[in-house]
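Annotated features in TrEMBL:
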type     : residues : note
DOMAIN   : 264-462  : domain 'BAAT/Acyl-CoA thioester hydrolase C-terminal'
ACT_SITE : 291      : active site, charge relay system
ACT_SITE : 379      : active site, charge relay system
ACT_SITE : 412      : active site, charge relay system
């Protein structure tokens with residue numbers, strides 16, 4: 001009987017994927033910590049960055065010097081992903097002052113991929129460079145080395161098509177070579193942070209520990225339906241003082257390769273393992289998760305007294321794909337999907353309206369954890385105001401432990417600060433192109449705010465002794 005139920009659930013997921021693939025998409029549109037200067041030659045144009053070597057979430061100060069007075073200047077940024085070799089690019093259009101200087105903290109970009117006074121616009125406005133694949137997510141999952149940002153300055157206001165040749169995607173500047181250039185190093189892992197591979201019992205993942213003896217506040221970190229192990233947020237959390245366990249739960253090593261019948265015992269084991277670690281405060285831990293992973297996080301907060309803080313980013317408060325089991329019994333039934341409400345768009349599949357109404361809400365009120373929900377209001381994967389399903393069932397006395405922060409113009413993929421917006425890309429878990437949503441500036445501001453709120457929330461609500 002159990003085998004028949006498992007087969008039926010697998011067939012259900014296969015039906016969903018087949019349905020999405022069968023939807024006809026419209027025809028695609030044709031789219032044509034140091035302070036270093038870029039030069040040591042006195043009087044030559046230069047770019048100064050403070051600090052040149054920094055953490056992923058750290059703002060830097062950029063200034064340009066020794067340019068002609070009142071000159072039009074383009075500041076061009078580029079990142080090349082190590083694994084894919086795909087280039088991401090940005091450009092800002094500036095006007096030097098009477099002294100030939102530009103300060104990104106005070107001077108406004110007049111155009112390009114960002115405008116206005118945006119000290120970090122060169123990063124958050126990065127997009128696939130001309131000649132490189134579109135609809136690509138810039139992923140940073142190498143934590144033992146920096147990702148390199150190359151900044152170049154050109155005389156004149158150039159757009160990205162003028163900076164790159166359309167043939168090979170290689171830089172071929174029409175207005176001549178750059179007059180100044182510098183490389184920035186951005187690290188996810190601070191000096192002294194140590195990574196440990198985790199294969200303990202059934203638990204699979206990676207533990208990042210800050211420098212020092214500890215014990216440290218512990219956090220379990222999970223991502224969504226792409227599966228595998230994504231570590232950069234854990235590395236960054238450890239850089240900010242947390243013992244962070246990046247936890248895989250499917251499609252990794254010997255774990256199951258699907259989302260059906262996830263067992264609560266796996267997550268409980270991960271909590272117990274982390275709280276028993278000698279460098280972790282054992283009286284309680286936090287959990288942070290995004291998308292599908294938020295369901296796991298909410299269950300952990302509901303059923304484990306050791307979970308004291310949960311950060312849920314753009315997820316639902318019920319089971320979406322697959323039931324959850326405890327002691328081989330269903331504790332949360334998967335919610336039905338109305339596949340007729342799937343919308344195919346130029347940018348990918350819009351799934352906002354496919355979840356049916358359900359009363360099978362994760363009972364967060366059974367635990368003692370505090371909750372911080374982030375909801376992006378330009379998210380095309382989750383319905384708007386998803387938290388209201390939870391509040392409708394949650395006892396009033398528990399609602400004081402629930403905080404909801406919403407962001408207009410932000411998309412589904414809400415990540416640490418200065419991560420470029422990805423409006424659409426292929427979800428590797430199901431092999432389909434999804435519309436994630438978001439507007440570049442609004443999304444960037446949301447990420448900065450959400451990250452600061454996350455750090456403050458975890459520090460406040462996870463025991464430190």
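A Cβ is built for glycine as well, from the same backbone N, Cα and C atoms used for every other residue.
Nobody curates TrEMBL annotations by hand; they come from automatic prediction.
Taking only the Cα positions, the spacing between residue 412 (active site, charge relay system) and residue 291 (active site, charge relay system) is 8 angstrom. The number of other Cβ atoms within 10 Å of the Cβ belonging to residue 379 (active site, charge relay system), over all protein chains shown, comes to 24. In this view, residue 412 (active site, charge relay system) is surrounded by 27 other Cβ atoms within 10 Å of its Cβ, with every protein chain counted. For residue 291 (active site, charge relay system), the same-chain residues that are 6 or more apart in sequence and have a Cβ closer than 8 Å to its Cβ are 223, 224, 225, 313, 314, 315, 381, 412.
The average pLDDT computed for the domain 'BAAT/Acyl-CoA thioester hydrolase C-terminal' (264-462) is 97.
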